[in-house]
Every structure is written in C-alpha cells, then in structure tokens.
C-alpha cells in the first residue's frame, strides 16, 4: 500500500505511475478524501479536547460555588457526549474509505521498468544456453507423459474436474526429486531457511501481500472464511507482519515447498491441455525481508538463485524484464525466467522474481529498526519462484526426451532418483 503522505507530496508521480500501468489518475480524489479525513479528525479531536477541558472546568466552578457556570458546563459536556459518537463513527467511516481506496492502488514501478500495456512490451534481459537440437520430433509433455503411462488427465478429471493431473510412478518421483533438489540448493548454498507454513490463511494475510481486496476471483475460499494459499509468498511474507525487526539481522530469507491453489478465473480457454495451468500445483517459493538500501541488490541475488536451478538442470532459458502493464499488483520491478519448451516451440514462464519496496511491509505493518537510526521504517519485501515444480517437470520431460520415448534423468537429479538414469514406459 502506498503512503498517503507520499501521495500528497508526489501527486504527479503517482498519476504518472498509474498511467504507466494503464490506469487513470487518482491523486486528486485520494488527496480530497484525505483532506476530508483530516478535517473530520481535527473536528473530532477539538470536540474531545473541549469535553475534557469542560469537565475540568466544572470542578473549578463548583469549587468557586458558581453553580450557574457549572450547570452551563455540564450541559455543554452532555451535548458533546451526545454528538461525539456520531463524529467518531464518521471518522472511522472516512478512515476505512481511504484505507480501502489506497489498498486497491497498485505499486509504483521503478523508473527503469519498461513501459507497455502487456507482455508484448517485455524486454529480453539475457539468454542463457542454447535451444536443444535432435533428430526426433519434439513432443508436448502431455503426449510424452500419457505415452509412458505415467500422466493421467482423464482420471484426475473424474476425481476433481478440469485442470488437475495425476502423476504416477517415476514421473511422480521425478517431481518429488525436483522439489528436494531445489530445497537443498536454496538452503544449502543460497542461505534460505526452509519453512513449512500453513496452507490456509486469514483475510489479513492475503491483504498483507496484496491478493485482497482486488483479486478474490483468483482465489479459493473455505466455508469458515479462510483462504487456500495461491503461493507460499503469502504465509512466508506474513511471518514478519506486525513485528519490529532488528535491521542488523536483515535480510531474512525464507523458502518453502507447498501446494498452491488458484481458480484461474481469467484463463478460460488458455492452456487447457496438460499441466501448464492447474488449479493445484507445487512450487518452491523464495521470500526475502530486507531494508530499503539492500532491496535492489537482493532482487538481483534472488533472481540468480532461481536461475541456478535451471542452470543445474541444463535447461535453456531467458530472463525477461516485465513491462509496467504485465507486472503484478505488489511489484515495483519483476524478472520472469522463461524456460524453453521444445514441444510448444516456445518460452514459458517458470519463475517470477519481484521487488516490492515497502508496499507489503506497510500493509502488514512490518517494520525494522537500524542500529544508528531513530524510529522505525517499513520493511522491504521480495518474492520469487525457485521454481514451479510442475513447469520444471514439463521442461525436463520435453528437453530430455529420447527418440524411443523415454526420458533421460538430468545429472542433478540422479541421486534424488535413487540412481535411476532413464524413465521408461510403465510396465
């Protein structure tokens, strides 16, 4: 959430940032709403001060045996007590209205983010590796998985409906191996602390990371009012909500492998075959909590950590800097890692790494205190996929396909597969 004080002082900057995201200007309406809030609050405070002062004056008047003055003061206090509740309610209402308006404004992009309306304006930052070449025809992952008898979409549909998958045998083991490999890499070499967080969270957790109030259609809600997490970013980032952190101990780096749940409400007709876009999928998430000065360097580091997964798996990929119209709601800058899928003859997103400034820290009321500083500042947050298991599995299946239809196990995963080097058709 953006700071209303910053908006008052940078109205043109906000409207320019919103224009870059394809939205209209909002600074004037927000500032007007804030002026109303401040006027009402000042009036309320004046009434409260007068009530308190009049109450004290009653005692003084009675001590002086000035009953007429005491009676007038009592009448004034009684009237204030009658009108104060309405004024307090109006103050709460306008405060809630302003907070709601602020909570729906996306984060302001950094100056070096390319401006554009959609993914067509994203910029290739770097390309790593080369596209594989074979003599045999590339196939899509679902063709390979079904031919091996290890991927069952029809069975999943009978159980749960569309956009679910059943993995069996060595493909199920391969996805598990991918997750173990990623966690070992991030905890053993990259300095992240592994966490097993809740998969169900409350409204305020979703609000803190920016999923609420705008994106309810993308989420699954339980009958008791909790939410299934769309990403482990939500519980990992909210681990520091309503805390004051020691700035000397930052950054904090967390990682988790969790199921993620998304309704894909806006994806009708897209990627309907296979497991590219699922209601339920597994993902390794990376989250960093840091200070303002270190956030941009931490963004580059986090992206490099996610890239290392793809490098060790021997996968060709590119890094994209997302344009203003394609970035997520809470992000100030985002790098997407897009892995090459031969079966689709296309690059597809496998990781998204974002720096969010203090946008989420403000929503969560997460602060830090520096050693030499007075007071506190809102924490800066970052999140990234390290990486999505389902899409990593797809990439391995398509890039390591052999002419006979078997799949070679990448060297980095052989130990996690119990020494197995090739996945073949189920007996």
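Placement of Cβ uses the backbone N, Cα and C atoms for every residue, glycine included.
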Out of 175, 285, 293, which is the one Swiss-Prot records at the L-serine site of 231, 232, 233, 385?
285
Within 10 Å of residue 231 (L-serine binding site), Cα to Cα, which of the binding-site residues 262, 263, 350, 351, 352 are there?
262
Say you check the Cα of residue 350 (ATP binding site) against those of the binding-site residues 232, 233, 385; which is nearest?
385
Env. residues of L-serine site, Cβ within 8 Å of mean position of 231, 232, 233, 285, 385 Cβ:
234, 236, 256, 258, 260, 283, 284, 286, 287, 383, 384
Residue 232 (L-serine binding site): tally of other CB atoms within 10 A of its CB:
28
